[in-house]
Structures are given as structure tokens and as C-alpha cells.
Amino acid sequence: MTSHQNGTISSEVSDFLLNCFVRSHTWQLWLSLPLSLLLFLAMVANSVLLITIWLEASLHEPMYYLLSILSLLDIILSLTVIPKVLAIIWFDLKSISFYACFLQMFIMNGFFAMESCTFMVMAYDRYVAICHPLRYPSIITDQFVVKAAVFILARSSIVTMPIPILSSRLHYCGRKVIENCLCTNMSVSRLSCDDVTINRLYQFAIGWTVLGSDLILIFLSYTLILRAVLRLKAEGAVAKALSTCGSHFILILFFSTILLVFVLTLVVKKKVSPDVPVLLNILHHVIFSALNPIVYGVRTQEIKQGIQRLLKKGC
């Protein structure tokens, strides 16, 4: 952290200490076991999915390119959060440098927003595929995916970049113990001697406008899809359409449910242990990353067949 005094910049805090689960020492090691297994599962499953989409020519379609973006985001988010939590639990490595802390803060906020935006684009993809099937090849093209990827990156980076910037410019008065396993904006800014109203209002506004608008558009898309599906007359068409969207909807529902539970625990934080929101935040970053490729691998026939073909070639 740097502060301006008499026209000069003086270093105030060079690192922070992540002090998490202080009230739950007894189950820290037990928690590390499922966390490490979920991290391993997330890395392997997402890597298999990415390799399968890359090597299988039949999967070189916009829908699977969007899924690749989601898997890549999952890998980066998991690696940003879980290894540091395990290092704290196993080796008591609580220290994190000033710049690494705010980099982690940016990745957690930015990539979370990117996942939300990716879901929105995927919902639009399914909407066009089912509601306007004849126009799908002309609308959802490889060029569309490139533009969507640029939009996802640009929008999420622009709206979340101010969060770590605002926090890094605060005056910390030598305080460096963060009561969390992660460098979240609220946990870090709580150490500041300055007024953090702007920080909190900005994050609150971004959370409800960006993520909220994404969820509204996602559920609007699936409402229109459901209405179109119920009008289908062909035998088996309804089941096929619902199966196509089933994987997307399951993951989006899980994504929004975990987020809602996390927000509710923050609202009623006086009635629950402070460790509960921390634990939910950690689990949100790894459970979803592990579920994403498994749900798509099990429910999407083309991906399942692609993995089977790759396994046969490997044998």
C-alpha cells in the first residue's frame, strides 16, 4: 500500500496475513481433504474437456467454443483461490504480498463476472438455436464467438478493475491481518483507517447491476426457450430441446443458488459463524469448477462420444 505525504510516496504495508478459520482449527485439516480432491477433479475434468474440444473436429462449433471459455475461466479461478487456501492450512503460509493480494482480488472479481457473462452468451446461443433454428448458422458463427469473447473480457475487466484499485489506494495504518482465506474487497478494506463507503457502494452496485442483469437476461432467454419448446409438435422434439438446454440450466441454477446463499449469509452474518461466508466463498470457486465439465460430459452426447473416441485412440 502507498500513501501520499508531502508529495512523496511512502510504503506502508508490504504484505498481508490471511488469518482464516480461526474459530474452527479442529476441522481445518479435514476441510483440506475435500478441497484438494475437488481441485484435482476440477483441473483434470476441465483439462479433458478442453483437450477433447480441441482435438475433436466434430466439436469445433460455437457452442463448444463457449464451453471452452467457461472451462478456462474455471481453471484460472480454481488455481487463484484453492492452492493458497491449502498452503495456509497445510504449511501455515499466511503471508501474501501487497501486489499478489490485489491481483487475487481482481481475478476473483473479474473472472467471476466473466463466468456470469459467458453464461449469458451461452443462454443466447441456446435461445437462437431453439427459437430461430434456421437463422442459427448465420447468427452464431465463429466470428460471433470471437466478438463475444472480446466483449466478455472487456466488460468484466472494465467494471471490476476499480475494485482492487480503490482498495489499494486506502490508508491501512500498518494493519495487515485479514480475517479471511482470500483477499476479498470487504475483508481487506475493513483494515483501512479511511472511509470505505465508495468501495462498498461500488462493489454492491456492480454486483447487482452487472451480475443481476446477466441473471435476468439468462432466465428471460430460458423462459422464451421453454415457451417455444412447449409449442413444438414433432414427436420427441420437446425432449431433445430440453436435453440440449438441460446442462446449461443446471449449472446456471447452481451458480445463482450458491451466490444467493453466500449473499444471505453476509446479510445475517450476526447469526452465523464468520467462518461460514468464508467457507461458502471458497467452495463456490471450486465446486462449480468441478461440476461444470462433469455435467456437460455426462449430459452432452457429442462430448461424451468425443471423450470415448480419444480414449480409444489413446489405447
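Glycine residues also receive a Cβ, built from the backbone N, Cα and C atoms like all the rest.
All TrEMBL annotations are machine predictions without curation.
Taken from TrEMBL as is:
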{"type": "TRANSMEM", "residues": "33-55", "note": "transmembrane segment"}
{"type": "DOMAIN", "residues": "45-296", "note": "domain 'G-protein coupled receptors family 1 profile'"}
{"type": "TRANSMEM", "residues": "64-90", "note": "transmembrane segment"}
{"type": "TRANSMEM", "residues": "96-123", "note": "transmembrane segment"}
{"type": "TRANSMEM", "residues": "144-166", "note": "transmembrane segment"}
{"type": "TRANSMEM", "residues": "205-230", "note": "transmembrane segment"}
{"type": "TRANSMEM", "residues": "242-266", "note": "transmembrane segment"}
{"type": "TRANSMEM", "residues": "278-298", "note": "transmembrane segment"}
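Relative to the transmembrane segment (205-230), the listed stretch 96-123 leads the set 64-90, 96-123, 144-166 in CB pairs under 8 A. Within the chain, the transmembrane segment (33-55) has long-range Cβ neighbours (under 8 A, six or more residues past its boundaries) at 64-65, 67-68, 71-72, 74-75, 78-79, 82-83, 85-86, 282, 286-287, 289-290, 292-294, 296-297, 303, 306-307, 310. Within the chain, the transmembrane segment (96-123) has long-range Cβ neighbours (under 8 A, six or more residues past its boundaries) at 1, 13-18, 63, 66-67, 69-70, 73-74, 76-77, 80-81, 84, 148, 151-153, 155-157, 159-161, 163-164, 167-168, 178, 182-185, 188, 203, 206, 210-211, 214-215, 217-218, 221-222, 248, 251-252, 255, 285.
Over the domain 'G-protein coupled receptors family 1 profile' (45-296), the average per-residue pLDDT in this prediction is 88.
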